[in-house]
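Data first, discussion second: the structure below is written as structure tokens.
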């Protein structure tokens, strides 16, 4: 294969990564933006989505698309419910204190990971893709399912953007993000907004996981990389900024796809992590964000 | 804060050291070895407590200081054939240098950003260890040869693999670090650190250079953690990348939270307690991370002052 098609393939793979990353990071970014909570267990909620997708799709017999669709609907709902319970039982009692919630979500990370290991086991298991249509390009065939991931993710991102900027719910969320005390004084149920946002963030991660699981397999440690990458995306994009998150996800996904084709993945990770730490040190509002109050 | 009585505090700490010394002669073999390990790791927790407890800076990356000491000492012995004291010094130097660099960078941030930045630097450190697997042994780790773990003092040579020598070496390190922390936190400098934790802006207004005070705290904390790592490599003879992973940044946080942040003896109690909880429960379940997770959540929810912190608040106001 020549260099051009090779690069196109790397770029397509990078776009798939970006699509999933954008959804996961958006969940993290929403939770941080509105609640000021850094959810270290976000990657585990992602993993939980994938594991549930496997469980649901194997429980349903018949055409693979049927099981996949059921997983796409049910897995995020279950993960959202778990997040809701965790929020009510733990985060709310901590008054959303940023440092205490980090420690608590680290605790959740270990609990979810260990439970997944105990009940799901250490194996990596695949989920069958809903369809196996291949699109034939002049140089190579490309999985139609992978392209549909990009489309689905774009659709969900636009929907989230619409809800955030054009609806009453979004207005309430933005008001809470801007100044929770004043929002409370104006009769906004801040407490319930927090619960909803935390569940929504978890559901975005779970949807991303269900979308990716037919091409990557479900495994109990699969939450670690998405967590780190989401952190990177959210920091580069500016904490709590939707547009920044999407731009950064595409940037990171593409460069990750292209760099790991040509260089060692460990080296790529070292450089990326170091660069992001430096961004956080020297430009804490992110590359695209504006300084927060 | 109640007026502290120095004599009582020093007597208590010396009493703890004497007790640990006496335990060496009565403990059965298994617990003897376990306690030596706990003392070395309690030094790690004390180093963490220096920054988290007294300055209020929550780092999620202290595994890098521990493993800087671990690899600094271990690799000096394995690749360069250095003697035990020289390797220990190399471990300390690596930790101190890393702490200085990380401190200068990470202290530009505060709060949540500080936690994430330290976690990321530690992740970079961990990945670097994996990347240079040819020298570090990657995730397999390296064994420090027994023949090299001999401490030569004048004409006598002490094998660090001998349980008694190992226990006493751990105790000496633990005692030195314990007394150093006690002196530091009772000094003028220690008070400035607490003032920074309580209200940094006001401390700045009073004319203190908070940045260099915090940097010094990172340096002291990092060096103590490196001492623990170096001692671990030399006493237990294993150097591995697990010790640089995120988990080993979380564990000292857990130990300190459990024992009581900003208490001098809290780290020892937390480490001791957690080790035994894991030891007892591992008889029933292999899900040791589950215990760690539940302990973390219960601690922040119901018991944020930890064991000694609660005792100090309720009954013994003079505890340092």
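The backbone N, Cα and C atoms fix where each Cβ goes, and this holds for glycine too.
Please treat TrEMBL annotations as automatic predictions, because they have not gone through curation.
According to TrEMBL, the protein has these features:
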TRANSMEM  A:6-33  transmembrane segment
TRANSMEM  A:45-62  transmembrane segment
TRANSMEM  A:68-90  transmembrane segment
TRANSMEM  A:102-122  transmembrane segment
TRANSMEM  A:142-164  transmembrane segment
TRANSMEM  A:193-215  transmembrane segment
TRANSMEM  A:227-254  transmembrane segment
TRANSMEM  A:261-282  transmembrane segment
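Taking Cβ pairs closer than 8 Å, the transmembrane segment (A:142-164) reaches residues 9, 12-13, 15-16, 19-20, 22-23, 26, 129-135, 170, 173-174, 204, 207-208, 211-212, 214-215, 242, 246 in its own chain, all 6 or more past its ends. Counting Cβ pairs closer than 8 Å to the transmembrane segment (A:261-282), the top stretch among A:6-33, A:68-90, A:102-122 is A:6-33. Long-range neighbours of the transmembrane segment (A:68-90) within the same chain, counting only residues 6 or more positions beyond its ends whose Cβ lies under 8 Å from a Cβ of the stretch, are 41, 45, 48-49, 52-54, 56-57, 60, 104, 108, 127-130, 194-195, 198-203, 205-207, 209-211, 214. Comparison of A:45-62, A:102-122, A:193-215, A:227-254 by number of C-beta pairs under 8 angstroms to the transmembrane segment (A:6-33) places A:227-254 first. Under the criterion of 3 or more C-beta pairs below 8 Å, with sequence separation of 6 or more, the transmembrane segment (A:102-122) and the transmembrane segment (A:193-215) do not qualify as touching, having fewer than 3 such pairs. Only residues 6 or more beyond the boundaries of the transmembrane segment (A:227-254), in the same chain, are considered here, and those with a CB under 8 A from a CB of the stretch are 11, 14-19, 21-22, 24-30, 32-34, 40, 42-44, 46, 157, 160-161, 164, 177, 269, 272-273, 276, 279-280, 285-290, 292.
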